[in-house]
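**Student:** Below you'll find the structure I mean.
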């Protein structure tokens, strides 16, 4: 049955789910380009999962916005149905990920001769750019309208004009500045210029200024390297 290019969406998928549950004669179903989302694909999968006949051989469900999760849902449904005799699944133009690859391996074990088509692998996600801990510290100071000396005073509770590593770490935590152990160690390494195990205000001010100068220089270089618009 070819019902492609129909705007079924989720509502249509509910009807398809019911039809598939009781299917006894349909051997091929083409629902490509039917606006079937991930949710819709999962609903269709529910119909496949409980059908007790051995009628359906081919399902073409590609060119739909179902994403890899929708393909995964279809495969999961197949695994739940020991009576499934599908020979071909078409996920044309739908990008899939490693999770889908893993579950399809299980489908192949259950149905060794099954053929499957998809739109290729999703591109790997780019790792999020790491924010330097000094940037997080500077953002906190600016967001709270603090002067550097005010921030230092919050951490220097005994008024010694020196902050130990423990005081520094405790002060960050108390002020809600969330840094990992590695980030704190990097920050301390940059700020404790004489390596005596304490941070005085001069070191904090110098570290803050030097870091700002470095980032300003980088931004200047990046701006200068941008292509200029053509003028006529």
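Note: Cβ is positioned from N, Cα and C throughout, glycine not excepted.
Summarising the annotation, TrEMBL assigns domain 'EF-hand' to 143-178, 179-214.
Are these features on the surface or tucked inside, and what are their neighbours?
**Tutor:** The list of residues near the domain 'EF-hand' (143-178) in space but at least 6 beyond its ends in sequence, with Cβ under 8 angstroms from a Cβ of it, reads 136-137, 184, 188, 192, 197-201, 204-205, 208.
Nonlocal intrachain contacts for the domain 'EF-hand' (179-214), taken as residues 6+ away from its ends with a CB within less than 8 angstroms of a stretch CB, comprise 132-134, 136-138, 148-149, 152, 156, 161-165, 168-169, 172.
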**Student:** Residue counts in helix (H, G, I), strand (E, B) and coil for the domain 'EF-hand' (179-214), per DSSP?
**Tutor:** 25 helix, 3 strand, 8 coil
